[in-house]
Amino acid sequence: MAHYRVSSEVENIMNRDRSHRKNEEEDEEEALKLAAMEKLQRLPTYDRARKAVLKGITGGFKEIDMKDLGLAERRELFDRVMTMDDEDWHGEYLRRLKSRFDRVSLHLPTIEVRFEDLNVTAEAYAGSKTVPTVLNSYVNLLKGIGTKIRVLPDRKKRISILNDVSGIIKPGRLTLLLGPPGSGKSTLLKALSGKTETGLRSTGKVTYNGHELHEFVPERTAGYIDQYDVHLPDLTVRETLKFSAKCQGVGTGYDMLAELLRREKDLNIKPDPYLDALMKASVIKGHKEYVVTDYVLKVLGLEICADTIVGNHMKRGISGGQKKRVTTGEMLVGPVGAFFMDNISDGLDSSTTFQIVKSIKQMIHVFDKTALISLLQPPPETFELFDDVIILGEGHIVYQGPREDVLEFFEFMGFKCPERKGIADYLQEILSKKDQEQYWANPELPYRYVTAKKFEEGFKIHHFGRAMRSQLATPFDRLKNHRAALTRTTYGASKLELLKACLERESILMKRNLRTFVLKSLQLIINAILIGVVFWQQKNYPSTVEDGIIYMGAIYLEVQMIVFSGFFELPMTIDKLPVFYKQRHFSFYPSWAFSLPTSIITFPLSFVEVFIVVLITYFTIGYDLTVPSFLKHYLVLALCGQMSYGLFRCIAAVTRNHVVSNTMGCLAVMWLMTFSGYVLSRNQVHKWLTWAYWTSPMMYIQTAVSVNEFRSESWKDGLGVAVLKSRGFFVETYWYWIGLLALILSTILSNIITSLCLAFLKQYGISKTAVLPDEREEADSNNTTGRDYTGTTMERFFDRVVTTRTCNDKKLRIPFKPLYMTFENITYSVDTPKEMKEKGIRENKLVLLNGLSGAFRPGVLTALMGVSGAGKTTLMDVLAGRKNTGYIQGEIYVSGFPKKQDSFARVSGYCEQSDIHSPLLTVYESLLYSAWLRLPPDIDTHTRELFIEEVMELIELKALREMLVGYVGISGLSTEQRKRMTIAVELVANPSILFMDEPTSGLDARAAAIVMRTVRNTVDTGRTVVCTIHQPSIDIFESFDELFLLTRGGEEIYVGPIGHHSSQLIEYFEGIRGVGKIKEGYNPATWALEVTTRAQEDVLGVTFAQVYKKSNLYRRNKDLIKELNNIPPHAQDIHFSTKYSQSYLSQFQACLWKQHKSYWRNVPYNAVRFSFGAAVGIMYGIIFWSLGKRKGTRQDIFNSVGAMSTVVGFLSSQSAATVRPVVIAERTVFYREAGAGMYSALPYAFSQVIIEIPYTMAQACIYGVIVYGMIGYEWTASKFFLNIFFTFISILYSIYTGIMVISVSPNQEIASILNGVISTSWNVFSGFTIPRPRMHVWLRWFTYVCPGWWGLYGLTIAQYGDVETRLDTGETVVEFMKNYYGYEYNFLWVVSLTLIAFSMFFVFIYAFSVKILNFQKR
């Protein structure tokens, strides 16, 4: 015992000694720090702003230049300041920053946004003009012309979006914008941020600190955060935010810091060195983007996926909720002073939404910034974070004022919010005609529907409204405007810095798409080898002009190959345009900064590619073997590659659409190549078309290369000059340098036009859904059951369960078998991404789901919940059988039997989060198509249609039945309409088990209630329904029966009943040691997420996954699974006699019906292809006018064959190129529908190829009739119809080739490259540039497998195969055809059958590829 006391005393002495030494060390460190800071304070302000005092490696403080701050030092500095120990680390950090400004009385800039009498209207067509079809596109064009010249009346209707709205968004107060869909929220946000869409008419006044929008640059003063997530899929999250930070710059941050340092020096104030260093790093070029990006990543909770690519629907990346946060982060990294945020919580769980809004609120309050945020379903705890609320309805402001007073106003209007009702939900539902009456609380007056206009009038006479008008009547004192508040410079950084940022981004994208560039280079090399082999040593002993012309054909093909190699720039450029347009609106950079880096990046690549091509072709063909000739030849072709890239980028910028760009690209190349001087010699060009010859860059390229070769020493005795003259080329050597100069100028011109188009043209096809007032009323009244369906508290749902079941039993009488699903120990893992391995993660596999078990039963509605990235969608994909990548372990049973995917697809439905549908069908047609293919074949047509009508009524889609689905974010249905249609598409399939991924995401409270009412009614019919859900309101959450709660890492932490008022869920978590009690009225869903975070686990010292696995609840669930897996006697597994619901013939009929509807409405494809056929026909008719009547010389025949080769060459290439975007646009829909077991791949494939036949025939007739008549071919029935037939079959096999190529390609870029190889090989062996008899014997066989050769054979021999007219050489045309081309008239039927066989072969390859290949990674 004595020994213990002595030891204890010694230990106490040692502890005191250590504590004393520690205090001495801290005092010494503080003295060193103060000395270093005093030294820094003596520096001039400019130097002081660029230097800081930090602790060095040796332990002492030293002065460092911020420019030399390394990555490790920057990270350490960031971690020191952003202390994560405190839950309120963000607020504490902001307060420390603000405190530093307050100590020197330095006021930060603030912005007060006012809007007075703001009106926004749009014009829209009414009637059939609103539904695009091939026919009415032409009719509308003519009507539009008639309207312009005032021959026809204007049939547009003016739609009012915002009606005389006025208000004030105050700095330092967080304002919430609420309103139902179509109320004008997005329009108001855009109008206030200075980004009103093109086509909308705006009147009224918007001011910032008393300054109107034209007095400063609103794009850089205010940040608008769109509800649509548009990002480059190949960039990581960090790269996306860093690029945004670079472009937006530091604003006035550096000037404010300099002023702060000056005042601190005057007052002898020494700041915290670490905070000082971080503030300086955040405004120093080269460091700002890193510091701010890391800060925003931490605030938004994106650190976990910072180095993961964003991805898209075809490329796996981050989750939908994470994408939404990236969209928000893009603006937060900038220096803007006012934020207008549109639906930033879509796809986020309620806990994450709360944390993000809380962080934004802290920023707004501490720095007096301005923010107006639109949310669809704000949970109560998030709603309470806001200071003010604006409620918008039908374009009228219903209320604007303090959040805590909003209920008082509606009580003044006679309405009262029930208990346990979310205020935000109540505020949105009260504007609905169907929901309003239940909140009426004035017994003295009978209820009458109160419109938004009436609410607005009531607000004006309320004291809140009078106070608002009084404030608006007093103008803002412009003298109080801080000079740094409003931005007056167009861009946030210098032009050079913006160019560098775009160049860096482009280099990253090129690295990520390196495979595409490698394949494109490989395409060029293969084509070069083909040309080199075909023209192998053609001029060993050139002795005639004919030899020279054959050789000139090699030059023509080489130039054509290089020109077409730039075609892949079309899809690559257009894919990036949506991001460009978004960033253009934000004034991130000038248009040339977007286009120029692509030219710079591809410049060395192009020169290397062309060098390899020239090495292959120059020596195999046998060009002049002197160094100057070789270098000059290479230089022209290298510049030709640059010209080609510039040309196709220019076409992409002009057309802005995949289909239209492919069409116009082919048209441009056809025009240019026709006037290259080879297809049609200069002497044969009509005088009125000589301008086209002189403006064609191809003419200068062909002339330069030809002059360089034929004026060389290899072509002696004037033979080279004779060859040039025979085709009308210039013979003077200076034409080489003229050609070189013309190439450089055309390249520069293309880039200038590209930049101008990017700067001034709007995004292609933008058209939003507009609901006219009468349609709104119809939407409100289409449900015949009226208010019996409109209860908004879930108690009303349960009160109606019996009634609903009875109603459903009477109406929805299509039978189904109730099924349950169990699963045990489900583990899902993927290969660890390369980006994560580069960060030091050594595991080969990344586990996303970790040993999950559970059971889903009929009549039980299960919520699958968890924070973003917990694995909710992943689990649903695994259970539904939609995963095609990764590694799945565990067991899945359906009603006790092992799950068989083919049978399971027949009895299950999956509502995907991304709402993937065919854009050119109407709502009703989409439902009819789904029911047609998925309901049992014994259901008659009448019953099926009645069933569809009832589903549409249930989900309130009747008012939208004739509306096109449209493209997401561009046209057609709104987000919430699209979501409801997704559910309806699955419900009409009458599934026994239904999976729903985020069914309420993107919906407002009322739409979410409609959806959940539908879901509840579906469950009550005895179906098994599982929903992932992010941010449910109390009402929605408590409509579920059971909860499957996941945490990060894919582990289950609660699987069981929710209970009345969430009692069982609350009881479970409150029973865990250390978990606090839920607050009265708090959302249980949000509370469950908040108390189970990883941070809470660290605080409590528990792992919730382990707690669950040790609980009685876990054991009960295991027993339940075991019990359900015990198959009862006489039970039978799900079995169907066929894999699909419908026969192959019915599948084909349904798919063909859908293709017919889509094609008839696909104006950019079919109307453009008809117009293209007419344009090309007229163009070639003019160029080759009356050429068919001339048959006196070989040159006449050559020119005529050249005209025919356009069908085989250019028209066919255009057809193959334009069909690719159409097919690939439907591919994602095909993956969803095939995954749902709707049809086999073969009926789908055959419907795709069959639907092309009538449209191709129409195109062939349009082109053929025009060309045939204008060129003047012989007017006999047989020759005319043969010409039409060979034109038709040549276009058709080319279209089938394009379809085939896209079916074996993961994306359009790869398809473009593969198509380039095929097109070049067909052109080389078509027999135009080098006829078959002139080919080497060992190569002639290839013409038999070349459709281009057969196509030209058929067109030529049908016209000239029986012509006995003698040529100037003495031989007849028939003899010339046989001797020169190898064509014989009696071979005509063989040619016809062969071309049909080629078409069928390409169809077979397409069908086979569609069946076995899947490029979607899930």
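Every residue, even glycine, has its Cβ placed from backbone N, Cα and C.
As recorded in Swiss-Prot, the features of this protein are as follows:
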type	residues	note
BINDING	Gly179, Pro180, Pro181, Gly182, Ser183, Gly184, Lys185, Ser186	ATP 1 binding site
BINDING	Gly866, Val867, Ser868, Gly869, Ala870, Gly871, Lys872, Thr873	ATP 2 binding site
DOMAIN	147-419	domain 'ABC transporter 1'
DOMAIN	497-710	domain 'ABC transmembrane type-2 1'
DOMAIN	821-1073	domain 'ABC transporter 2'
DOMAIN	1146-1360	domain 'ABC transmembrane type-2 2'
REGION	1-27	region 'Disordered'
TRANSMEM	548-568	transmembrane segment
TRANSMEM	600-620	transmembrane segment
TRANSMEM	634-654	transmembrane segment
TRANSMEM	659-679	transmembrane segment
TRANSMEM	729-749	transmembrane segment
TRANSMEM	1167-1187	transmembrane segment
TRANSMEM	1197-1217	transmembrane segment
TRANSMEM	1249-1269	transmembrane segment
TRANSMEM	1284-1304	transmembrane segment
TRANSMEM	1310-1330	transmembrane segment
TRANSMEM	1341-1361	transmembrane segment
TRANSMEM	1387-1407	transmembrane segment
Of Ser183, Ser186, Ser868, Thr873 (the binding-site residues), the residue whose Cβ has the fewest other Cβ atoms within 10 Å: Thr873
Recorded stretch, among 659-679, 729-749, 1167-1187, 1310-1330, maximising Cβ pairs under 8 Å relative to the transmembrane segment (548-568): 1310-1330
In contact by Cβ distance (the transmembrane segment (659-679), the transmembrane segment (1284-1304); 3 or more pairs under 8 Å): no
Averaged pLDDT, computed only over the residues in the domain 'ABC transporter 1' (147-419): 88
Spatial separation of Ser868 (ATP 2 binding site) from Pro180 (ATP 1 binding site) - C-alpha basis, Å: 26
Where Gly866 (ATP 2 binding site) sits in the secondary structure, as DSSP reduces it to three classes: strand
Least buried by Cβ count (within 10 Å) of the binding-site residues Lys185, Lys872: Lys185
Which listed residue (Gly179, Pro180, Pro181, Gly182, Gly184) has most other Cβ within 10 Å, given these are binding-site residues: Gly179
Of 1167-1187, 1249-1269, 1310-1330, 1387-1407, whichever stretch has the most CB pairs under 8 A to the transmembrane segment (659-679): 1167-1187
Rounded Cα-Cα span from Gly182 (ATP 1 binding site) to Gly869 (ATP 2 binding site), Å: 31
When distances run from the Cα of Val867 (ATP 2 binding site) to each of the binding-site residues Gly179, Gly182, Gly184, the nearest one: Gly179
Residue among binding-site residues Pro181, Gly182, Lys185, Ser186 with Cα closest to the Cα of Thr873 (ATP 2 binding site): Pro181
Stretch in 600-620, 634-654, 1249-1269, 1387-1407 most in contact with the transmembrane segment (1167-1187), if contact is a CB pair under 8 A: 1249-1269
Inter-residue Cα distance where the pair is Ser868 (ATP 2 binding site) and Gly179 (ATP 1 binding site), in Å: 26
Shortest C-alpha distance to Lys872 (ATP 2 binding site) - which of the binding-site residues Pro181, Ser183, Gly184, Lys185, Ser186: Pro181
Val867 (ATP 2 binding site): tally of other CB atoms within 10 A of its CB: 24
Candidates 729-749, 1249-1269, 1387-1407; stretch with most C-beta pairs under 8 Å toward the transmembrane segment (634-654): 729-749
Chain-mates of Gly179, Pro180, Pro181, Gly182, Ser183, Gly184, Lys185, Ser186 with C-beta within 8 Å of site centroid, ATP 1: Leu392, Gly393
The one of Gly866, Gly869, Gly871 whose CB sees the fewest other CB atoms within 10 Å, among these binding-site residues: Gly869
